[in-house]
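Participant: Dropping a structure here in C-alpha cells format, bear with me for questions.
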Amino acid sequence: MHTTALVLFSGGQDSTTCLALALSKYQRVETIAFDYRQRHLVELDARLIVLNEIRARFPQWASKLGEDHLLDLAVLGEVSDTSLTRDTAFKMEQSGLPNTFVPGRNLLFLTLAAAVAYRRDLQVMVTGVCETDFSGYPDCRDDTIKAMQLALSLGMDKRFLIETPLMWIDKAATWALAYELGEKSGTPGGGQALVDLIIEHTHTCYLGDRQHRHAWGYGCGSCPACELRARGYERYCAARTAG
C-alpha cells in the first residue's frame, strides 16, 4: 500500500488540485517545482502562497504536507526556443504544435522528480498532465507517462507509480474535483474554500498577468491557458447552477 507521494506542483490550478488529491490519499506528501526561466515565473511565487494557504485553511491536510523542493533548471530555458521561454507571440508551428510546447519539459521534470523521490523514499509521483484539454503536447499523453514510469522504474531499480488524476477529465471536471476534495477535507465549507483558494492564489496565465482579475482568477484572459481555465470555470458554474 502506498503511503507517500511527491507532487509536481507548479502553483497552477491543475497541480493544486492534484496536491489536494494527494493530501486526501497519502500520509506524507512533498512537493517539487522547477525554475526553467519561464516567462510566467510568477507561478513560482504563487505556489508558495498556495502552500501557505493550504496549511492555514486545511489543518488535516497541513499535518501531511512535508518538504517543498525547487530545482534550478535554467538549462531547459537555454535550449528551448518557445513562447514560454522567449518573449514571442503565441502561434501554431508547422508541426501542428503550439509554440508553447517546451520539448522535453515533462520528461525532464519526471526524471528529476524521480531522483528526488528515490532519495526521499517517496513511492508515488503525482502530475497534472492530461489529454483532454491539452494543447497537443506529446509529453502529456498517457502513453508517454506510462513509458516514463517504466523507464524510471527500470533505470533506478525502484518501482515508481506515476499518477495522473486529470488525464481523462476536462477543466470543468477539474473545478468540480477540487470542490469535492475540499468538501471531504474535514474543513467546514471546504469545497468552496478550495475553489476560492484556486481562484485567488493559483496562477495559469502564460504571460504572468496578475493585474487582471476575472471570475476564474487572474490572467490576461486571452492566452491559451487563460482561455481553457475560463471556459472550464464557466461550464463548472453552469453545471452547479443546473444542480
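Even glycines carry a Cβ here, placed using N, Cα and C.
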Participant: Among C205, C237, which residue does Swiss-Prot annotate as binding Zn(2+) together with C220, C223, C226?
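Facilitator: Looking at C205, C237, the one Swiss-Prot places in the Zn(2+) site next to C220, C223, C226 is C205.
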Participant: Near the ATP site, what residues other than F9, S10, G11, G12, Q13, D14, S15, T16, T17, C18, L19 in the same chain have a C-beta no further than 8 Å from the centroid of the listed C-beta atoms?
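Facilitator: These residues sit around the ATP site: V7, R47, V50, G128, T202.
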Participant: I need the neighbours of the Zn(2+) site defined by C205, C220, C223, C226. Which other residues of that chain put their C-beta within 8 angstroms of the C-beta centroid, in sequence order?
Facilitator: T204, Y206, L207, D209, G219, G221, S222, P224, A225, E227
Participant: I want to verify one value. Collapsing DSSP to three states, which class is C220 (Zn(2+) binding site)?
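Facilitator: Going by the DSSP assignment, C220 (Zn(2+) binding site) belongs to neither helix nor strand, so it counts as coil.
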Participant: Counting every protein chain present, what is the number of Cβ atoms, excluding its own, within 10 Å of the Cβ of C220 (Zn(2+) binding site)?
Facilitator: 16
